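According to TrEMBL, the protein has these features:
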{"type": "ACT_SITE", "residues": "Lys67", "note": "active site, proton donor"}
{"type": "BINDING", "residues": "Asp17, Lys39, 65-74, Thr125, Arg186, Gln195, 215-216", "note": "substrate binding site"}
{"type": "DOMAIN", "residues": "11-231", "note": "domain 'Orotidine 5'-phosphate decarboxylase'"}
Amino acid sequence: MIARPAGGAARLIPAIDTGDLARAEALAAALAGRCGVLKVGLELFCAAGAPAVAAVTRHAPVFLDLKLHDIPNTVAGALRSLLPLRPAMVTLHAGGGPAMVAAARDAAERAGADRPLLLAVTVLTSMDAAALAATGVADSPAAQVLRLARMAVAAGADGLVCSPQEAALLRAELGPGPALVVPGVRPAGSAAGDQARTATPAEAVAAGADWIVVGRPITGAADPAAAAASIAATLPG
Ligand SMILES: O=C(O)c1cc(=O)[nH]c(=O)n1[C@@H]1O[C@H](COP(=O)(O)O)[C@@H](O)[C@H]1O
């Protein structure tokens with residue numbers, strides 16, 4: 001399994017969100033020396049599939065973020081199908097429940113010591129309290145994140161995806177064990193876009209994030225490599 005980053009640029013995971021494989025390869029080449037991991041998400045995977053993962057893996061370990069959410073048997077099968085791509089990290093939705101998380105963990109174990117870090121997504125960083133309430137959850141995002149996080153870790157998740165606003169709570173309640181991967185991160189002055197629960201890169205790390213995920217502030221910059229370097233420079237070494 002991938003080791004936790006010691007600090008600095010190794011904590012940064014740029015999200016290569018594009019449907020264009022050539023652009024993804026160019027971004028991966030430009031960003032590889034300035035981050036620890038590169039994220040392939042739904043947009044790139046739906047456009048270009050396994051070859052996109054192979055292409056990005058040539059530059060850095062890949063966080064394959066497909067947010068699996070289905071019955072346990074189907075999620076386990078999906079995990080088995082993804083293992084040959086050798087992702088360093090994979091995501092599934094904690095909301096699929098403990099049997100789904102446990103089935104994914106069993107499937108991931110087939111890769112032995114080299115298995116991907118299994119990350120459970122809690123409450124999406126794009127959701128505020130009103131959006132959560134619209135799904136039938138009256139609790140605050142923080143309370144729901146903690147509930148899902150406890151369940152997912154008990155069921156076998158190695159780590160959690162949460163917003164920077166819940167990272168300190170999860171560290172305090174769950175200790176140093178679970179890896180925390182934190183999107184919804186915005187350098188000071190950059191547009192939030194559809195992200196609702198945000199903080200700066202340095203704030204996210206101070207709150208307990210092991211890795212931070214940053215997409216548009218890097219990929220939308222005129223010079224993505226320079227944007228990544230300037231974010232990394234704000235992270236504690
Ligand atoms: O699992 C994720 O990575 C994820 C979970 C979440 O709650 N929120 C979230 O934004 N993400 C991903 O993190 C990235 C954030 O991108 P930007 O908003 O452009 O920085 C996207 O690729 C999202 O799919």
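Just so you know, glycine gets a Cβ as well, placed from its N, Cα and C.
Predicted automatically and left uncurated, TrEMBL annotations should be read as such.
Model, not experiment: these values are computed from the prediction.
Structure coloured by features recorded in TrEMBL.
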residue : record                    : contacts (Cβ under 8 Å, 6+ apart)
Asp17   : substrate binding site    : Gly41, Glu43, Leu44, Gly215, Arg216, Thr219
Leu66   : substrate binding site    : Gly41, Leu42, Phe45, Ala78, Leu82, Val90, Thr91
Lys67   : active site, proton donor : Leu42, Thr91, Leu92, His93, Val121
His69   : substrate binding site    : Val75, Leu92, His93, Gly95, Gly96, Met100
Pro72   : substrate binding site    : Gly96, Ala99, Met100, Ala102, Ala103, Ala104
Thr125  : substrate binding site    : Cys162, Ser163, Pro183, Gly184, Gln195, Ala196, Arg197, Thr198
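Cβ contacts within 10 Å of Gly215 (substrate binding site), excluding its own Cβ and spanning all protein chains shown: 20. Here the domain 'Orotidine 5'-phosphate decarboxylase' (11-231) returns a mean pLDDT of 98 for the predicted model.
Among the binding-site residues Leu66, Pro72, Thr125, the residues whose Cβ lies under 6 Å from any atom of ligand 1 are, in sequence order, Thr125. According to its DSSP assignment, the residue listed as 'active site, proton donor' is in a strand.
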